[in-house]
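What follows is a single structure, written as structure tokens, with notes after it.
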Ligand code: GLU
């Protein structure tokens, strides 16, 4: 085992954004690819509100998709604890080091003053940014104000001029102007560090060698690097994964559809589909192959396939993958997966397997099972008799065709009541009598399903059983 260590460092909110799933997935795969360790660290110091069991929920959804960690709050490890709010004592020493080096400073500005300052800046068309009012307070004044009990935050002292050059493994060198950087807060007024500070201290202490995260963290990168420099630490390698955009080129947002993995899970997207879909958001294989299981990715994934241009979130593609993986399931597996979505979850297993068999080819997600098979469970079908008419047939001809079929079907013994036998009997009858297949099968299918589009009549009759099928044909015959 080498000393390569990657971490996934989410701020748990109770839901996992699809972009964060991709970050976790890429991190996991790169760690595997490099033969290193994958670590989960919970960055919960910036949380405005306490989200109960957010970490448990996060772990559940990650384990549902099959992503696991070598170290983390649930696994323990040599650098425990892995949750930042359990590490608060650790950060004190490091902020003191920055204060001593004069690379950080106390700021006593009140929330009101900051608000007023921002309003003025906005009115003057300036980007709202801390005006550094406390940057040059004397040590005596700082001590006096602390002694008087004034509240303060601690800010990072940014260079005022010059360029900060950073290196991203996918993009190469990127330059930022120091003058664009704010003296941002490292320690909040309650003594708790911000993400920006705790993240760096922990990456260093946990001996992280590669930081893998989304592109939205690129603006933080120069600030991160300045902190490494301030401490005299060697930074890890950084890989920022490309942005994920919606199909109109905008930011993925809740308004245009689901953005949380849990939403997809609830609707009946399979973990295999989400993984396959996510891995292609910024990565491609050498040979252009697109269908990948997580297991296959463990060997096929290669950092060289990562790109830096934005990835487009195409929900039709996700549906395609989901449909594909639904069709890979055995009927027993699919019945088990669909059961929670049914209005009557106590349906007999063998029967349910037949029912899902009818829907498997058309399903895009598990929750489709209801809509696709409602007609099977319906007590009495409700449809207009005109639907029974095929092409130029008259209502009388339709009824006569249905009666003929009823006659044949009545004679089929229970033991032979299956798709293949029914099909053989009926098709033979149609052929021998030199009739047209559509003239018989359309009315039969409608009589059995009440639908314009549905699975074929023989599979439906097989699933419904003899009694139900004949009742439904009877109903069709009695329609005005
Ligand atoms: N805590 C950050 C987040 O919520 C992690 C950023 C990073 O990976 O450095 O995503």
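Just so you know, glycine gets a Cβ as well, placed from its N, Cα and C.
Predicted automatically and left uncurated, TrEMBL annotations should be read as such.
The domain 'Glutamyl/glutaminyl-tRNA synthetase class Ib catalytic' annotation in TrEMBL covers 4-319.
Per TrEMBL, motif ''HIGH' region' is recorded for 10-20. DSSP states for the motif ''HIGH' region' (10-20), grouped as helix (H, G, I), strand (E, B) and coil, give 3 helix, 1 strand, 7 coil.
DSSP classifies residue 136 (Zn(2+) binding site) as coil under the three-state reduction. Long-range neighbours of residue 136 (Zn(2+) binding site) (same chain, six or more residues apart, CB within less than 8 Å of its CB): none. Under the heading Zn(2+) binding site, TrEMBL lists 107, 109, 134, 136.
Residue 254 (ATP binding site) falls within a helix when secondary structure is assigned with DSSP. If you look up TrEMBL, you'll see 254 marked as ATP binding site.
Per TrEMBL, domain 'Aminoacyl-tRNA synthetase class I anticodon-binding' is recorded for 333-476.
Listed as Cβ neighbours of the motif ''HIGH' region' (10-20) (distance under 8 Å, sequence separation of 6 or more from its ends, same chain) are residues 42-44, 46-47, 51, 54-55, 57-58, 61-62, 195, 214, 216, 244, 252, 258-262, 264, 274, 278, 313. For residue 254 (ATP binding site), the number of other Cβ atoms no farther than 10 Å from its own Cβ, over all displayed protein chains, is 10. Note on the domain 'Aminoacyl-tRNA synthetase class I anticodon-binding' (333-476): mean pLDDT across this stretch is 96. Each residue contributes its Cα atom, and for residue 134 (Zn(2+) binding site) and residue 254 (ATP binding site) those atoms are 39 Å apart.
Here the Cα atom of residue 107 (Zn(2+) binding site) is found 36 Å from that of residue 254 (ATP binding site). The most densely surrounded of the binding-site residues 107, 109, 134, judged by C-beta neighbours within 10 angstroms, is 107.
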